[in-house]
Amino acid sequence: MALRARALYDFRSENPGEISLREHEVLSLCSEQDIEGWLEGVNSRGDRGLFPASYVQVIRASAAEPPPPARYANLPVGGFEPLPPPAAFKPAAQQPPPAAAPEPFPVPPSAAGYPFPPAPYGGSYQPSQGSDDDWDDDWDDSSTVADEPGALGSSYPDYEAAGGGASSRYRLSTRSELSLGSRGAGGHPGGHTHPPGGGSAKSSATVSRNLNRFSTFVKSGGEAFVLGEASGFVKDGDKLCVVLGPRGPEWQENPYPFQCSIEDPTKQTKFKGMKSYIAYKLVPSHTGQQVHRRYKHFDWLYGRLAEKFPVISVPHLPEKQATGRFEEDFISKRRKGLAWWMDHMCSHPVLAQCDAFQHFLTCPSTDEKAWKQGKRKAEKDEMVGANFFLTISVPTGPGASLDLQEVESQVDGFKAFTKKMDESALQLNHTANEFARKQVTGFKKEYQKVGHSFKCLSQAFELDQQPFSAGLNQAIAFTAEAYDAIGDLFADQPRQDLDPVMDLLALYQGHLANFPDIIHVQKGALTKVKESKRHVEEGKMELQKAEGIQERCNIISFATLAEINHFHKIRVRDFKSQMQHFLQQQILFFQKVTQKLEEALHKYDSV
């Protein structure tokens with residue numbers, strides 16, 4: 001008996017290795033054993049590949065020829081991992097008919113041109129491992145005491161008092177009998193309980209899941225939240241409020257603003273001098289208590305924040321370096337990069353108040369137990385993924401709703417802006433780097449060559465022993481020294497003006513690399529709203545279900561627009577300050593050059 005199946009619904013292939021199906025089409029199966037919800041077979045057009053098992057019904061009929069051999073027959077159930085995968089294709093779980101996926105926001109091609117490499121997204125983030133900060137001590141042991149009281153944020157009482165204690169908790173859930181993400185009859189998760197297009201009740205249609213289970217929209221938890229599958233307890237102190245400001249949605253300002261300096265990087269040792277590392281002194285303004293942190297502590301914190309906040313641009317850390325990490329220039333450059341990173345962290349209304357960040361800033365360096373408690377609690381945070389979106393509180397009431405078409409237009413405009421900014425930042429970074437190189441090597445060499453020529457002329461004139469020529473000889477020799485000093489000024493100048501500009505560009509390259517994922521989450525939510533509206537118009541979905549999807553999409557849109565507005569606000573502040581500093585340093589530089597030339601000129605007055 002040959003294995004055959006009849007297609008229950010239409011299916012359009014979107015990845016290499018898949019085949020398309022037409023409703024009522026009869027297919028030949030390679031095997032009745034599904035691979036993570038996918039079957040392999042041959043359709044009526046002779047195409048061979050994978051298709052969702054939930055889209056077909058297996059039938060048994062006589063056949064003259066045996067079914068074609070299964071290419072994946074040796075793979076265990078539940079462990080499908082094609083090697084190598086065809087293109088970017090990976091099978092997903094059983095899926096209902098797909099909606100049109102939003103066009104992914106491409107990572108800027110210039111991302112590799114900056115010293116701050118883009119980090120992996122959210123849940124897939126792994127702290128970078130380098131030779132300078134190996135996880136080789138009991139700071140990261142396997143013990144956990146996160147459940148002990150006061151493990152996180154206890155040293156920051158003002159925020160706890162403002163946000164409410166642990167008793168100020170309430171349960172939020174997007175699950176209900178009307179939830180679009182709930183299981184339909186027959187147990188198919190989020191799938192059709194009846195064939196689409198049939199004469200069924202309105203409640204038969206649901207918004208489909210993305211077939212690409214590795215997309216940012218899915219991994220961030222955005223899809224699960226929009227489909228109504230998130231539920232959890234949210235403390236008042238965990239709420240992230242979006243308010244309507246003069247420029248649109250904005251994050252509510254931090255009621256306790258503060259800054260934190262990073263000073264005195266020092267080389268320290270442990271294991272009786274066998275292990276060396278650099279420790280940085282942090283002094284938060286709201287506590288005044290200094291703590292010491294290694295780069296690996298920064299790296300751990302970045303990983304937690306990148307995973308927790310899928311719609312917030314967590315600034316990237318300066319890059320690691322395997323060799324020369326104890327050299328003075330590298331340590332100085334890293335400290336400046338960390339200072340920029342810390343400034344952006346403290347300036348963000350949400351990141352600055354995050355419990356993990358406060359623990360990082362306030363936990364005493366010598367209290368190992370308290371550090372481990374806070375670290376473990378941060379790693380057990382339940383308000384991540386889809387549950388994170390439950391913590392976002394948005395404006396309500398008349399005039400507080402967003403026009404989705406206008407939101408889409410604003411996001412598209414910002415997408416074009418980031419692309420252009422990335423291109424221009426790359427160009428400026430390249431130009432500044434090339435100009436700095438010329439100043440350090442070329443300009444210095446040329447000015448000192450001129451100075452050497454003047455010195456040779458002075459030495460030649462000294463052969464004349466006439467007293468009246470001595471003054472001229474000395475003036476020319478001083479001119480030679482002036483040009484030699486001007487060459488040194490050129491070599492030293494880039495670290496005063498151009499290097500800070502390039503440091504700022506590097507920091508913003510990290511932000512620009514973050515926004516494609518943020519925009520992709522918002523675009524994915526908009527796609528689900530459009531699909532639900534289409535179902536309502538076709539009479540396949542109840543209006544209440546569609547309104548629930550739109551309400552949850554509004555939450556993501558509010559957060560996205562708030563983050564965009566914060567980016568623009570901080571961008572204007574940073575580039576205004578940096579351009580002022582650049583021009584001030586340029587003026588000082590040319591004043592020094594002018595002073596050297598004037599001093600040389602005055603030497604000729606007495607000749």
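Glycine residues also receive a Cβ, built from the backbone N, Cα and C atoms like all the rest.
Automatic prediction, not curation, is the source of TrEMBL annotations.
Feature list (source: TrEMBL):
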- 85-120: compositional bias 'Pro residues' (COMPBIAS)
- 131-141: compositional bias 'Acidic residues' (COMPBIAS)
- 170-179: compositional bias 'Polar residues' (COMPBIAS)
- 183-200: compositional bias 'Gly residues' (COMPBIAS)
- 1-61: domain 'SH3' (DOMAIN)
- 258-368: domain 'PX' (DOMAIN)
- 85-205: region 'Disordered' (REGION)
Average pLDDT across the domain 'PX' (258-368), rounded to a whole number: 88
For the domain 'PX' (258-368), the number of residues DSSP places in helix, strand and coil: 46 helix, 25 strand, 40 coil
Per-state residue totals over the domain 'SH3' (1-61) - DSSP helix, strand, coil: 3 helix, 30 strand, 28 coil
